[in-house]
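Record features (Swiss-Prot):
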type     : residues : note
DOMAIN   : 43-224   : domain 'ABC transmembrane type-1'
TRANSMEM : 9-29     : transmembrane segment
TRANSMEM : 47-67    : transmembrane segment
TRANSMEM : 95-115   : transmembrane segment
TRANSMEM : 126-146  : transmembrane segment
TRANSMEM : 180-200  : transmembrane segment
TRANSMEM : 207-227  : transmembrane segment
Amino acid sequence: MHTLTLKRVLGFTIVILLLLALFIWGIGLETLKARQVDLLYLGQRHLMLVFTSMFFALLVGIPSGILLSRPAAKGFAEYVMQIFNVGNTLPPLAVLALAMVIIGIGDTPAIVALFLASLLPIVRNTYAGLCSVPASLIEAANGIGMTKWQRLRQVELPNAWPVMLSGIRIATAINVGTAPLAFLIGASSYGELIFPGIYLNDFPTLILGATATALFALILDTLLAWFGRRLSPHTV
């Protein structure tokens with residue numbers, strides 16, 4: 001277990017170092033110093049968009065997955081999941097454009113669009129994880145007199161957690177990768193570096209925004225994996 005953890009840490013460190021090397025080579029120290037204030041400010045705005053939309057996605061997605069996995073919902077759960085699947089086929093840019101038409105420009109439509117983009121993996125994996133809990137465990141929980149709430153909290157959720165965490169990690173990666181597009185509807189993010197870099201053929205600025213986004217995604221995914229191992233060290 002310790003060897004596996006060490007390999008993961010080493011692999012992550014190598015990836016970070018390679019990205020930093022590409023980062024410095026691509027933009028130069030002068031560009032990094034000139035854009036330092038922008039990088040910090042846009043990083044805070046990017047974090048705000050991701051964390052706010054993920055908070056609401058978790059707040060809605062996990063309870064929805066739990067409700068759909070209950071025996072009373074078996075008859076229509078698959079139909080509801082199909083609706084989520086159809087919604088997920090929409091490109092992120094189309095979702096952002098739709099949110100802009102309905103709500104306007106700024107942070108609010110961006111958060112709504114990122115929330116919708118992140119929702120499906122959380123609902124799907126929560127539902128799949130709970131449905132995959134062995135029937136023998138549920139029967140054993142019923143046999144010792146657990147209530148439905150106790151069974152869910154002490155038996156089903158702990159066993160479904162690895163699958164649920166996988167969905168949360170996927171949703172976070174989608175969210176972080178989509179957040180730069182929020183620049184197109186008036187929300188501040190690393191897109192303010194990426195898209196002007198494309199329009200103006202400014203390669204250093206483009207690399208600065210893209211690398212910052214990639215590092216952000218890697219760091220968040222690593223933190224989520226560590227958090228998952230802390231909660232369930234024998235299964236994650």
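Numbers here mean position along the shown chain, with the first residue as 1.
From the backbone N, Cα and C atoms, a Cβ is placed for every residue, glycine too.
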Segment-segment contact (the transmembrane segment (126-146); the transmembrane segment (207-227)) at 3 or more Cβ pairs under 8 Å: no
Spatial neighbours of the transmembrane segment (180-200) far in sequence, C-beta under 8 Å, 6+ residues away: 35, 38-39, 41-43, 45-46, 49, 92-93, 96-97, 99-100, 105-107, 109-110, 113-114, 206-210, 212-213, 216
Spatial neighbours of the transmembrane segment (47-67) far in sequence, C-beta under 8 Å, 6+ residues away: 73, 107, 110-112, 114-115, 118-119, 122-127, 129-130, 152, 164, 167-168, 171-172, 175-176, 179, 182, 187, 189, 216, 220
Beyond the flanks of the transmembrane segment (95-115) by at least 6 residues, Cβ under 8 Å: 48-50, 52-54, 56-57, 60, 175, 178-179, 181-182, 184-189
